[in-house]
Structure formats: structure tokens, C-alpha cells
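Features of the protein shown, as given by TrEMBL:
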type	residues	note
TRANSMEM	50-75	transmembrane segment
TRANSMEM	96-116	transmembrane segment
DOMAIN	113-233	domain 'VTT'
TRANSMEM	128-153	transmembrane segment
Amino acid sequence: MGMSGATNGCGAGEYIRIPEDVEAGLGKEAGKGEGEGECPAVLRWRAIRWWAQVAALGILLAGAAAAAVVFLGPLVIKKVIAPVIEWESRTFSRPVIALICFGAIAFFPSVLLPSSPFMWMAGMSFGYFYGFLIITAAMSIGMSLPFFIGSAFHSKIHRWLEKWPKKAAFVRLAGEGDWFHQFRAVALLRISPFPYIVFNYASVATNVKYGPYIAGSMAGTVHETFLAIYSGKLLQSLAVATTQGSFLSVDQIIYNGLGFSVAAVSTAAITIYAKKALQKLQADDELESAATTINFINVLNRGLWCNVNS
């Protein structure tokens, strides 16, 4: 307990006691971080500077990506992508291509292998409508198999998630609340940057039911499916133009440029929304949990008080 020299009303050498809660409060005030208690102008300037750095980095990365696409893109398309597309169309019939795409998208996630190239292939070969049907049906299997396989390793996956407590906190949102709450949490996790293959197995560490899991997963991957189909169609257009020794027409450039921009902006906006919604969902759950704990303590105290009085 802290002691302090007296000033008013106390003789020399006398001391007064400072209550522990006051002393603790003074200690907290003295130990405040550098960012706390600063004027809004300073905080606003720091935010502006941070966003300026992010913008500069984004411009730099965009420039590097544009240079890579301009100088390396045609070479890669001509030497790799165009021959693969030509070999595929010459070797396999459309039903066989559909079976290959379906099998890869359905079973590759179970062995932690990416299936995006086969989504592009489905987009190239079957377009938006049939490509969407093939990819969606295959993804329903690709997200279900890890869910049932991972159920046999529930404790191991749970221990593995404990190594990343922040990510685990978001994953556990999927197992809380009623059917709609679980559906919403799973859909937001699918839209967010959380790795698709990892979540297939990590979801079993929660109490999420299969119904809201698969429904939320299908709803949360619709944008990804259309983006994959669009990417496949774009690669096909570039490959055809490169093989013919020409380039895209002005109309094609405008169409593909606008389409890519809309897809990129939409994906970024949806991802940001999902991340904020997940944070809000987590905060609401923490408040609800705290309120439940307080209510339980109040009920317990009332019970003890009644027992003492009786």
C-alpha cells in the first residue's frame, strides 16, 4: 500500500495512506502508451501518413505487376498456357474435361492441393453457366470431405489451432449461436482472406453443424467461383490472340479491362466488408458472453444473500 508525505492538515513527518485503487490508477496514468492521450491532430496526421505509405506501396506493387504482365505475360501465355489449352482441347473430349475438372475440384482440397487451375479450365471450356454448375457441385464435395475426415482428428486440429489464438477466435465464431448465426459466420469466413483449404479442416474444431457449414460455405464462395471463371475466360482470350500472332482488339481490351477492374474492386470490397463484419460479430459475442457472466454472478450473489439472511 502506497505512502505519501502530508501537505495540508498533516504535520511534518506524518503520512497519509493512499488507497490501493487510487494508487493503481495513478500507476496506469503514468504508464500510458505513447499513442494515448495525444491530441486528435497528431493522431489524424499519423493516420494520413500511414495511408500514404500504404498507397505508395500499392502503387509500387501495381507498377511491378504491370511491368511483369507486359514483358513476361505474353511469353508465358505463348510458351505455357497456349500449348496447354491446345493440348487439352486436342486430347480430351468435353465430357472428359468436365470429369477432370470435377474430380480435381472435389478431391484436391482433401489432400491440401490447390484446385484453382481446374476452375480456370472449367471457365475456359464451359463458360459461365455450365462452368458455374460444375465448379459449384464439385466444391460442395470438396468442402464436405475435409469436414467429415477432420472430425476423426478433432482434438489434434483443436491443438493445432491453439498456436494461432487470434485466427482461432474467428474460426470458433462458426460454432456459436443458432443455425443462422453459424451460417452467417461461415459465409463471412469464406469471403474473408482466411485460407479456403485450411478452413475446410479447421471448421471441425468448432461446434458448427454440417447444415449451416455447407450452406454458408456455398454462399460465401459464389464470388470466388465467378472470379475463377472470368479468369479462365480472360486467359483463353489472351492465349487465342497470342497464338494468332495478334493482340486483343480495342473493344476486347476495354471489355476485359473493365471486367477485371470490376472483379478486383468487388472482391476487395466484399473482403473488407467480411472482415469488419467478423470483427463486429466477435465483439457482439464477447459482449453477450460478458453479460451472461455478469447475470450469473448476480444470481449467485442473490442466492448467497438469501441464504445468509435465512
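Placed from the backbone N, Cα and C atoms, the Cβ positions cover glycine too.
Keep in mind that TrEMBL annotations are predicted by a computer and have not been checked by a curator.
Remote same-chain residues near the transmembrane segment (96-116) are listed as 88, 122, 125-126, 134-135, 137-139, 141-143, 145-146, 149, 196-197, 200, 228 (criterion: CB distance under 8 Å, separation of at least six residues from the stretch ends). Here the domain 'VTT' (113-233) returns a mean pLDDT of 84 for the predicted model.
Residue counts for the domain 'VTT' (113-233) under DSSP (helix as H, G, I; strand as E, B; rest coil) come to 103 helix, 0 strand, 18 coil.
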